[in-house]
Amino acid sequence: MNPQAKLIFTISLLLGTAITTSSNHWIMAWAGLEINTLAILPLISKSHHPRAIEAATKYFLVQATASTLLLFSSMTNAWYTGQWDITQLTHPISCLILTSAIAMKLGLVPFHFWFPEVLQGAPLTTGLLLATVMKFPPITLFFLTSHSLNPTLLTCMAILSAALGGWMGLNQTQIRKILAFSSIAHLGWMTIIISFDPKLTLLNFYIYSLMTAATFLTLNSIKALKLTTLMTTWTKTPSLNAMLFLTLLSLAGLPPLTGFLPKWLIIQELTKQSMAPAATVISLLSLLGLFFYLRLAYCTTITLPPHTTNHMKQWHTNKPTHITIAILTTLSTMLLPISPLIYPLS
């Protein structure tokens, strides 16, 4: 892709995100989401592969539908209450439609169907944007309207997302699809707490973005897209693979790594809100996710490829690891000891 074109699309992406996150009027928020969608489409389809074109088409149709629902929700609320302010969403039908629209934008169950397919068709760097940056504006709208939304509906969607994200990821061999289902499961954890402590949702999103960025950039560096090729990368960059192993365990939420922090705080808050059964169920469902993270980690470091493998063993490279990957990996694994400092900042 032309560097000038890529620069324009990246600036548009940042502009759309900034407009949505800083607006307090529904029309401005909608305009920011539309700019975001139009900016990411060329980045998804830049390889001109049929799968990439299909992914871009699916993404456009789903996001256009979600934007239409969001606009319809805000117009319904304005019709009944005369308010266009995002925080003044009070009409129950508007709240229900908005919940559906944001769930579709994020890829929450039952509107998750598009996300694994789109992520599979996109390059790894674009996949990183889809899994992190593109989810920030809808999460912000969730944050601003959290006091108006139905907690029971959100809890049901969250538990279903955690269940389906863990269950569907078990049998995958494509790394991007595994990370897509991982994202759906993490969104379940963010959604279940948003009615009770919205700041905790944002903290969870920031830490999830940190760990996902470290994982995607590492996979992009070692050029691994399938579990079979991941097995042969150990000989190429042993230290990077060892750090990927820790990052994956952090994504799974194992202590004493960074990923344990949001899960710990969410379970604590749910227990305070007399929702111990929901906390127990979502904790047990996270074990499904732990299985496929361990599978990825096992393929990354513990197994050596068999002698009958069809993939050629790769030469050890002395190319230095990019500083961004080093910083993100360090943060993804070592933030838990300073958690008393992090939570008040959120």
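Any Cβ shown, glycine's included, is placed from N, Cα and C.
No curator has checked TrEMBL annotations; they are predicted automatically.
Note that the structure is predicted; figures quoted are calculated from it, not measured.
Residues annotated as signal peptide in TrEMBL: 1-23. Note on the signal peptide (1-23): residues 29, 31-40, 42-43, 46, 86, 129, 133, 136-137, 140-141 of its chain, located 6 or more positions outside it, place their CB under 8 angstroms from a CB of the stretch.
Summarising the annotation, TrEMBL assigns domain 'NADH:quinone oxidoreductase/Mrp antiporter transmembrane' to 23-288.
The transmembrane segment annotation in TrEMBL covers 59-79 (among others).
What TrEMBL records for 91-115 (among others) is transmembrane segment.
Residues or ranges marked as transmembrane segment in TrEMBL: 152-171 (among others).
TrEMBL lists 178-196 (among others) with the feature transmembrane segment. Sequence-distant neighbours of the transmembrane segment (178-196) (same chain, 6+ residues past either end, Cβ-Cβ under 8 Å): 106-109, 112, 115-116, 119-120, 127, 131, 135, 139, 142-143, 146-147, 149, 151, 154-155, 157-166, 168-169, 172, 204-205, 208, 212, 215-216, 251, 262-263, 266, 269-270, 273, 278, 282, 285-286, 288-289, 292-293, 296.
Residues 124-125, 127-128, 131-132, 135-136, 139, 143, 175, 179, 182-183, 186, 189-190, 193, 225, 240, 243-244, 247-248, 250-251, 258-259, 261-262, 265-266, 322, 324-325, 328-329, 331-332, 335, 342-343, 346 of the same chain, all 6+ positions outside the transmembrane segment (202-219), place their C-beta atoms under 8 angstroms from a C-beta of that stretch. Taken from TrEMBL, the feature transmembrane segment applies to 202-219 (among others).
According to TrEMBL, the feature transmembrane segment maps to 240-261 (among others). Remote same-chain partners of the transmembrane segment (240-261), defined as residues 6 or more beyond its termini with a Cβ less than 8 Å from a stretch Cβ, comprise 182, 203, 207, 210-212, 214-215, 218-219, 221-222, 233-234, 286, 289-290, 293-294, 296-297, 300-301, 321, 325, 329, 331-337, 339, 342.
Positions annotated as transmembrane segment by TrEMBL: 281-304 (among others).
What TrEMBL lists as domain 'NADH dehydrogenase subunit 2 C-terminal' is 290-343.
The feature transmembrane segment is assigned by TrEMBL to 325-343 (among others).
If you look at the transmembrane segment (91-115), the same-chain residues 6 or more away from its ends with a CB under 8 A from one of its CBs are 33, 58-59, 62-63, 65-67, 69-70, 72-74, 76-77, 80-81, 130, 135, 137-139, 141-142, 145, 148-150, 153-154, 157-158, 160-161, 163-165, 180, 183-184, 187-188, 191.
Listed by sequence, the residues of this chain that lie at least six past the ends of the transmembrane segment (281-304) yet keep a Cβ under 8 A from its Cβ atoms are 158-159, 162-163, 165-167, 169-170, 172, 175, 178, 181-182, 185, 188-189, 192, 227, 230-231, 233-234, 241-242, 244-245, 248-249, 251-254, 263, 267, 270. Here the domain 'NADH dehydrogenase subunit 2 C-terminal' (290-343) returns a mean pLDDT of 77 for the predicted model.
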